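Per Swiss-Prot, the feature ATP binding site maps to K11, F59, R87, T93, R104, N114. The active site, pros-phosphohistidine intermediate feature in Swiss-Prot is assigned to H117.
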Amino acid sequence: MAVQRTFSIIKPDAVAKNVIGEITTRFEKAGLKVVASKLKQLSKAEAEGFYAEHSARGFFGDLVAFMISGPVVVQVLEGENAIALNRELMGATNPKEAAAGTIRADFAESIDANAVHGSDSEAAAAREISYFFAATEVTAR
């Protein structure tokens, strides 16, 4: 397996619950390294741009409103098979369907307020990382 980078957002609901450290610890215990991180209040334009692929879908307005409802933590994670590993750690999008012990099963409230976002492919990871981080802000460790 190759070392990959993936993008993660700890969403407003999880930030409000003060579980940033608990979520990040799960990434690290699984072998992922945080190589970039920012606590950030997204603007409406940033949220709309980030989720542009969903702009024609009915939930887009609610998604944008949720993502700007409070601060988020944007992170770049690095490790062996990082994209798949992060998705496994997160669990199913709907926390009611997420396996016990996953981040969403433990911290998410609903399919909308589902605690975390993670890249679903190498192409998405590259796009999402560059959306929030300059190359000089990502530091190998």
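FYI, residue positions are counted from 1 along the chain as it appears here.
Cβ atoms are placed via backbone N, Cα and C, with glycine included.
In this structure, of the recorded positions R104, H117, the smallest number of CB atoms within 10 A of the CB marks H117.
The record assigns K11, F59, R87, T93, R104, N114 to the ATP binding site, and the maximum Cα to Cα distance across that set is 22 Å. Annotation: N114 carries the greatest number of neighbouring Cβ atoms among the binding-site residues T93, N114 [cut-off 10 Å, Cβ to Cβ].
Cα of R104 (ATP binding site) to Cα of H117 (active site, pros-phosphohistidine intermediate): a distance of 10 Å. Other C-beta atoms found within 10 angstroms of the C-beta of K11 (ATP binding site) number 23, with every protein chain shown included. Sequence-distant contacts of F59 (ATP binding site), defined by Cβ-Cβ distance under 8 angstroms and a gap of at least six in the same chain, are D112. Following the DSSP three-state reduction, the secondary structure of T93 (ATP binding site) is coil. Cβ neighbours within 10 Å of R87 (ATP binding site), excluding its own Cβ and spanning all shown chains: 17.
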